[in-house]
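Peer 1: Residues or ranges marked as active site, charge relay system by Swiss-Prot on the basis of similarity to another entry: H64, D109, S203. The disulfide bond annotation in Swiss-Prot covers C31-C162, C49-C65, C97-C255, C141-C209, C173-C188, C199-C224. Swiss-Prot lists 25-248 with the feature domain 'Peptidase S1'. According to Swiss-Prot, the feature N-linked glycosylation site maps to N116, N120, N121. According to Swiss-Prot, the feature signal peptide maps to 1-18.
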Amino acid sequence: MVLIRVLANLLILQLSYAQKSSELVIGGHPCNINEHPFLVLVYHDGYQCGGTLINEEWVLTAAHCDGKKMKLQFGLHSKNVPNKDKQTRVPKEKFFCLSSKNFIKWGKDIMLIRLNRSVNNSTHIAPLSLPSSPPSQNTVCNIMGWGTISPTKEIYPDVPHCANINILDHAVCRAFYPGLLEKSKTLCAGILQGGKDICQGDSGGPLICNGQIQGIVSVGGNPCAEPRVPAIYTKVFDHLDWIKSIIAGNTAATCPL
C-alpha cells in the first residue's frame, strides 16, 4: 500500500546548492526560465521546500516547511548558474493557522512569511496573484519545483520542472487518505492514471490554476505519481480573509474553522 508522506525531504546543501537527496515534480518538463518569477526556494537545516511570492514582502508556503535559520531565494532558475537578479531573504515574521506544529491536520498546512525586507521586482522576480474564485473540477493546473524527475531513482534537475495536472473530485482523495473530511479546506489534484505528480521536496510550492495560486503542496503518496493516488493541496481560496488580514496588519486574525 502506498504510504502517506509529507513532502519535505532532506537536502544536503552545498555551496552550489546542488541537491543530493530531495525530490520534486514527476513526469514534467524543464520550466521556461521566464515561467516562474514567483517561485521561491525555501531551505533550512538540510531541508528544502517551495514557496510562492504573493507580494514584494510576503511568501506563502506549507506550515510543515517551518524551521530554524530559514533562507528564501528569489529569481532562481538554475542552481548552478544563478540569474544575476537572484535575491536572498530571511523571515521577519511567520504566521500559522495552528497554535502547534500539528501540520498534518487537513487544511491547516499553511504558513505566511513576512520577509526581513522587500524583494525588488525584476525580470525573474514578480508576485503571483491570489485566487479570485476557487477552481472547479477538471480545471487544468500547473505544478513546479526543483526535485527528482523520477519516483524511483535519484535524478535531480538543475532547473525546476513543470507539469500540468487536474483538479479532481474530492472523493478520490478521501478514498485514499484516512481522516480526510469532505469539507476540509483542501484541493485534490493529480492525474488518475498516474505519471505526473509532486514529490518529496515539493512541499509548500504552488498549485497554479488560470494564473492564480489555488493550492499549496501538502501531502501525497509514496512512491510518487502512482495511479489513483493524487496529492492534497491546502486550499488558498478558503484562507483568503486570513491572508489579507495578516498582510493588512491584523496579526491576531484567526484561520477559518
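For all residues, glycine too, the Cβ spot is worked out from N, Cα and C.
A description of the local structural setting of each listed feature is requested, covering burial, neighbours and distances.
Peer 2: DSSP assigns H64 (active site, charge relay system) to a helix.
Using a 10 Å Cβ-Cβ cutoff, D109 (active site, charge relay system) registers 29 neighbours. Under DSSP, D109 (active site, charge relay system) is assigned to coil, being neither helix nor strand in the three-state scheme.
Neighbour count (other Cβ atoms within 10 Å of the Cβ, all protein chains): 32 for S203 (active site, charge relay system).
According to DSSP, C31 (disulfide bond) sits in a coil region rather than a helix or strand.
All protein chains included, C49 (disulfide bond) registers 31 other Cβ atoms within 10 Å of its own Cβ. According to DSSP, C49 (disulfide bond) sits within a strand segment.
Taking Cβ-Cβ distances under 8 Å and a sequence gap of 6 or more within the same chain, the neighbours of C97 (disulfide bond) are A63, K108, I110, H239, W242, C255. Under the three-state DSSP scheme, C97 (disulfide bond) falls in the coil class.
Under a cutoff of 8 A between CB atoms, and with a sequence separation of 6+ in the same chain, the neighbours of C209 (disulfide bond) are P131, P135, T139, V140, C141, N142, I167, G215. DSSP assigns C209 (disulfide bond) to a strand in the three-state reduction.
The secondary structure of C173 (disulfide bond), as reduced to three states from DSSP, is helical.
In the three-state DSSP scheme, C224 (disulfide bond) is classed as coil. All protein chains considered, the CB of C224 (disulfide bond) has 30 other CB atoms within 10 Å.
For N116 (N-linked glycosylation site), the same-chain residues lying six or more positions away in sequence with a CB closer than 8 A to its CB are R89, V90, P91, K92.
The Cβ of N120 (N-linked glycosylation site) lies under 8 Å from the Cβ of E56, D85, Q87, each of these being in the same chain and 6 or more residues away along the sequence.
In the three-state DSSP assignment, the secondary structure recorded for N121 (N-linked glycosylation site) is coil. Within 10 Å of the C-beta of N121 (N-linked glycosylation site) we count 16 further C-beta atoms, all protein chains included.
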Peer 1: Nearest of the recorded positions to C31 (disulfide bond) by CA-CA distance, picking from D109, C173, C188, S203?
Peer 2: S203
Peer 1: Going by Cα-Cα distance, pick out whichever of the recorded positions D109, N121, C188, S203, C224 is nearest to C49 (disulfide bond).
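Peer 2: So, of the listed recorded positions, the one sitting closest to C49 (disulfide bond) is S203.
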